[in-house]
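A.B. asks: Below you'll find the structure I mean.
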Amino acid sequence: MGQTLSEPVTKKESASCANENYLVGSSCMQGWRVDMEDAHTHLLSLPDDPKCAFFAVYDGHGGSKVSQYSGINLHKKVVAQKEFSEGNMKEAIEKGFLELDQQMRVDEETKDDVSGTTAVVVLIKEGDVYCGNAGDSRAVSSVVGEARPLSFDHKPSHETEARRIIAAGGWVEFNRVNGNLALSRALGDFAFKNCDTKPAEEQIVTAFPDVITDKLTPDHEFIVLACDGIWDVMTNQEVVDFVREKLAEKRDPQSICEELLTRCLAPDCQMGGLGCDNMTVVLVGLLHGQSPDTLFTKCARPAVFTGVNNEDGDQNQIQQDISRVINNFDGEQRVNAANQEEEEDDNEPAPANFQV
């Protein structure tokens, strides 16, 4: 855990925006940390593609320069890829992450900076959702009150991540990269990206994101993007339940985000650091071209928990993508398993109800 203050900074920076498709709120708070290192973005329409919305959370560490730079530039890099104009959003996101990382390595503003950042981005276009993630920030959607993950956390204790780390000359100790970094993918962190014989995707720490896709249905109610300052305190489902209850009361997303930060803030930092991190959350209410009252009414319905896989074995695209990722993890054997007691279930690559 980073250095903490004697009293938390509870002033929140909040914002809101809306159009016919989205009702959006955001809030961030420094909390107990000495500095605020997070950044976030919410764009209802991209300048180069008005039909495309872009939302992101960046959780910086070791400083704020890389997170702030990413918040300003990552969406521009994604849109600039030829794959974006061709409709290949997955590859556009992957290349956008890597190109931004390379740009920061040579930019005078960032090339000597020691900081890094997670990045979880959600791009929505014409009913299709693309979530790119590097690190341990997270995006979760609510589908009739059921939490559906759009990303999973990249931890050095995951076997596939550990294999890459070791192959590039690093090691995993106390569930940290080289005993230092608690996540295995990030933008920046250039001290971990110096293996000359490996491409960017195979460095000790890589900026290469996993991209999961989904298709919006009328049952999709909202998407929450947040840093681990939220997810370390509350599970995916607890966050969805919290937000849904407030929306059912016709609360605006900005105030819901602010209340969520307050809910997650620790009363002190004497009990392991949970609730003592910087906190950032972006709440994207999905209107589907209808009025906000329709969303509020949907959120007042009883939740329906279906599980991820249908009993007949049919899977939608997000289920297929997460299944592919889980298969890539070869059963998710753990490194340093004896040190895992502190990890929450939501830090696994996918929740237990993802059957493969």
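Each Cβ is built from the backbone N, Cα and C atoms, and glycine gets one as well.
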A.B. asks: For the Mn(2+) 2 site that Swiss-Prot gives with Asp59, Asp228, which of Asp101, Asp107, Asp112, Asp277 also belongs there?
C.D. replies: Asp277
A.B. asks: Between Asp228 (Mn(2+) 2 binding site) and Gly60 (Mn(2+) 1 binding site), how many Å separate their Cα atoms?
C.D. replies: 11
A.B. asks: Does DSSP give Asp59 (Mn(2+) 1 binding site) helix, strand or coil?
C.D. replies: strand
A.B. asks: A 10 Å Cβ contact count, applied to the binding-site residues Asp59, Gly60, Asp228: which residue has the minimum?
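C.D. replies: Result for the binding-site residues Asp59, Gly60, Asp228: minimum number of other Cβ atoms within 10 Å at Asp228.
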